[in-house]
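Taken from TrEMBL, the feature transmembrane segment applies to 39-59, 101-120, 126-144, 156-174, 180-198, 225-246, 252-272, 310-330.
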Amino acid sequence: MIQAIRFWFGNARSTSLPQSILPAVLAVSMAFKQSGFSWLYALLGVIGVIIGHLGVNLFDDYFDYRKKETGYRQQMVREGMRARIAKCEYLTSGKATLNQLLAACIVFCAVALAIGLMIFLKRGNVILYFMLITAGLGFFYSGPPLRLSYRGLGELQTGLMFGPLLMSGVYYAACGKLDVSLYFISVPIGLLVANILYTHSIMDYGPDCKVGKMTLAVLLKSKKAMLFVLALLLFASYFLVFYGVFARFLSPYYLLTALTLPMAVSLVYLMIQFVKDPYKKFSPRFWMGPMSNWERMEKAGISWFMLRWYLARNLLSFLCLIIMIVNCIVS
């Protein structure tokens, strides 16, 4: 049992968990000062988000594998094109079957649902609405009939799910109410989460075109348009936080989020260089944040992808951490 849990946690792309854990914990830090705050329901909210996120990741693998995306990626590499081939390795190697994957998806989502129902019994219908909308968006990210990620809506759907919806749900679970200041943070967080996926989709433009996956990058087609939207997602996040400060919805301390601006500028630069020359090499810098297993990434030939993905993830992580510290100061 323990080995099975470790196996599925390891293959559910746990490296992506910061994009759900940090917004969830951030929502808890913002709800802490509200009357009616409960550590128990805050913790249940965070755990439910983590389990649900892993379940959605596994469902994404399940539906993508059924569309034979992995086979197309390997074919592209054989044809001399650059593409990641690590996705669904546990399926392509025979370590797990498609039916076992489906069973794991159901278990993860059932546990998340059970946690959500516990919160519902305490907080009422509002939490149920957040659960149903978020669960639906998560399933239909790559699941039929909507397949949002195949229609150019995956990035925006993910930003909505992991930003305003996730943070509102956890905030409400923690204290039983909502506050307008939450949206001057949750919307920027959602944009930065969407940016992680969008950065991914720019670098996966070739493979996604091959399998007919209509990501936002594929929808835009133009390299200039892709880069413009990238910059828009990044810098609109800062604009909303700064506006929240100047409109007095947020404390002036939130201006400390500007400390992460160099990371945003660097990501734009690295993506411009990728569009110009995908094979140009760059090395990680200490201020870009942690990039685990870097030597293994280089040996696997995916360092070009992971450098930019890690930077996008770390930008979100650092901004969330700064806001958490600010919340400790102003609470």
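Residue numbers in this text run from 1 along the chain shown.
Even glycines carry a Cβ here, placed using N, Cα and C.
No curator has checked TrEMBL annotations; they are predicted automatically.
Here the transmembrane segment (310-330) has long-range neighbours at 15-16, 18-19, 22-23, 25-26, 29-30, 32-33, 185, 188-189, 192-193, 195-196, 199-200, 234, 237, 251, 253-254, 256-257, 259-260, 263-264, 266-267, 270, 284, 288-291, meaning same-chain residues at least 6 beyond its ends whose C-beta is under 8 angstroms from one of its own. When Cβ-Cβ distances below 8 Å are used as the criterion, the transmembrane segment (156-174) is approached by residues 19-20, 23-24, 26-28, 30-32, 34, 37-38, 41-42, 44-46, 49, 119, 123, 126-127, 130-131, 133-134, 137-138, 140-141, 148-149, 182-183, 185-191, 193-195, 197, 216 of the same chain, each at least six residues removed from its ends.
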